[in-house]
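Copied over from Swiss-Prot, here are the features:
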MOD_RES   Ser24  phosphoserine
MOD_RES   Ser25  phosphoserine
MOD_RES   Thr27  phosphothreonine
MOD_RES   Ser30  phosphoserine
MOD_RES   Ser32  phosphoserine
MOD_RES   Ser33  phosphoserine
MOD_RES   Ser38  phosphoserine
MOD_RES   Ser39  phosphoserine
MOD_RES   Ser40  phosphoserine
MOD_RES   Asn150  deamidated asparagine
REGION    21-45  region 'Disordered'
SIGNAL    1-15  signal peptide
SITE      Ser30  site 'Not phosphorylated'
SITE      Ser32  site 'Not phosphorylated'
Amino acid sequence: MKILILACLVALALAREKEELNVSSETVESLSSNEPDSSSEESITHINKEKLQKFKHEGQQQREVERQDKISRFVQPQPVVYPYAEPVPYAVVPQSILPLAQPPILPFLQPEIMEVSQAKETILPKRKVMPFLKSPIVPFSERQILNPTNGENLRLPVHLIQPFMHQVPQSLLQTLMLPSQPVLSPPQSKVAPFPQPVVPYPQRDTPVQAFLLYQDPRLGPTGELDPATQPIVAVHNPVIV
């Protein structure tokens, strides 16, 4: 901006000089026409001297302005640096200003985590524990010792057998009759037997094997005991550890 201002000032000065030269030439012509030659020469020399002085003065002013512009370009104001001043790490908040209440941010499950949990469930399904079958046991007061040699001891009271007569058909009883062969004990395994709970009364959803315990003994044609009245070995449900 300063350079443009200086250029404008120089142009104005040159224009003024041209005007003055034109005026001086006109005055010289007028004087030469009116006065003798000696006076015209003196006036011309005087005018030329004044013009030279003005031109020199304007040239000096322009040089001074250019020097100041160059100095101002190189010399720029630098920020004041305090050697012992430490920067403030945080903005100082006045005490009158209260912090704004922010809404609580709740964690949410990403869809990738949900897919991983579902894949684990499909790969490693949970084991279903099979319930143990409850075998009915006759109370100790009504229990009788079963002896194949004594037919009277094998007979049980009728009120214990009546609730099971209408549940199991005779066709099932005939197909599920045990053979007359001696019952072999199952091979012993390392699994410890699970004790069966004692039920003081017979249940309706009892298996057919339990029903055979309450059946009346019947004598065959040869006078021997029917195989259904043979004692049944108690079945233990193994527990897998």
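From the backbone N, Cα and C atoms, a Cβ is placed for every residue, glycine too.
Within the same chain, residues at least 6 positions away in sequence whose Cβ sits under 8 Å from that of Ser24 (phosphoserine) are Ile47, Lys51. For Ser25 (phosphoserine), the number of other Cβ atoms no farther than 10 Å from its own Cβ, over all displayed protein chains, is 12.
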